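One structure is given below, encoded as structure tokens.
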Amino acid sequence: MPRIKRYSKPSMFETRSHSWAEVGLAKQLSRAAVKRARLELLLLLPLLVGVIVVYTQRKDIFGPDLALPVRIASVVVMLILGWSLARAAGRSLGPMLFRRMDPATAGTVGFLIRLATILITFFAAANIAGLSARSLTLGGAFTAVVLGLAAQQTLGNLFAGMVLLSARPFRVGERVKLQGSGITAEGVVSQLGLLYTVFADGEDEIMIPNSVVLNVAVVPLREPDAIDMRARLRPGVTPTDIQNMLEKELETPLLDRPRIILEELDGDEVVVRIQATPVASNDGPRLATEILSAVSSETRSSEDRIAEHHAALENTASGNGTEGEDRRAQRAEGEEETSRARAADTGAQDPRAADTPQDGAAAGGGQSSRRPRYPTAR
């Protein structure tokens, strides 16, 4: 059977930002999450437009007596919808950013998109509330006190996120360790949000407020080299069997589950790529030994392949030899029949050819009795 190689269409991670899949963002960037974010975006936009329409027609709908309560409710609803709209916009635009930018740049742009959406919604709500830039300036002290008391934690995390974005003690995709303020956390930076910084620890997520991240020590960690090997499996062994076997037999701590990637299909054999990353760099040789010992029983040795190849060659050679003898015998029989047919045809066309030597011998002592083709001159 000819060798068949399977090539899959590059996904969003097989681009410049392939490392996004390696830092625990597969859950956030899955098709289900993106589809849900876009659905939220489609629902929030009509609601926001509806709030604006209701506010502009408040006197006709509710009357002059309820104009002030409707204005206050419109401001509150717009702020809530704007916050939700910012989150949905960041998630829905995520895949487009990840295809075209590196992890650090994509994280920064996503944060700026969410921040810009929040600011636009805030100024729109302030306009609905009747607060102009002059009134905000004149009553700035009072407004700052009220907002500071009402949303101290929220604004603190928001401004801390802006400081982290400008200072950049770490970047999205880097593995860091946080120490201090009674907290110790380790993981890969997967998202810099408006209020929280998300760290990926394997398949788990750790959400830490930006104000806490700003007040602790950040220790960058170098990620160990991954073990990457190709294996040719025996007939009947599937990649799922290898995945389950490695999860049961590997004892070295891993950053994530072992990855089994189908690379090639050669007849009844399957060629897979096995990838695994240890937690500690010095555990690389140990992890490689464990993988080799676990997979060796399920792989096909070269001696077996060579023996099967030789057997196939011998079968082919023996088949060719038998076929050659049969063909030679048939060819000889065909040539013999052809020669007989030619002799019979020659005798039938010139019957005097068989009698000419005898007649000549009797008449002229062995000379031919045929007349010359051209007459001789006398």
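Each Cβ is built from the backbone N, Cα and C atoms, and glycine gets one as well.
TrEMBL labels come from automatic prediction, so no person has curated them.
Per TrEMBL, the features are:
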type: COMPBIAS; residues: 324-343; note: compositional bias 'Basic and acidic residues'
type: DOMAIN; residues: 154-218; note: domain 'Mechanosensitive ion channel MscS'
type: REGION; residues: 311-378; note: region 'Disordered'
type: TRANSMEM; residues: 37-56; note: transmembrane segment
type: TRANSMEM; residues: 68-90; note: transmembrane segment
type: TRANSMEM; residues: 111-129; note: transmembrane segment
type: TRANSMEM; residues: 141-165; note: transmembrane segment
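Long-range neighbours of the transmembrane segment (68-90) within the same chain, counting only residues 6 or more positions beyond its ends whose Cβ lies under 8 Å from a Cβ of the stretch, are 37-38, 40-41, 44-45, 47-48, 51-52, 54-55, 58, 62, 110-111, 113-115, 117-118, 120-122, 124-126, 128-130, 194. Within its own chain, the transmembrane segment (111-129) is flanked in space by residues 52, 55, 71-72, 74-75, 78-79, 81-83, 85-87, 89-90, 93, 136, 161-162, 165, 192-194, which lie at least six positions past its ends and keep a Cβ under 8 Å from the stretch. Here the domain 'Mechanosensitive ion channel MscS' (154-218) is broken down by DSSP into helix, strand and coil counts: 19 helix, 30 strand, 16 coil.
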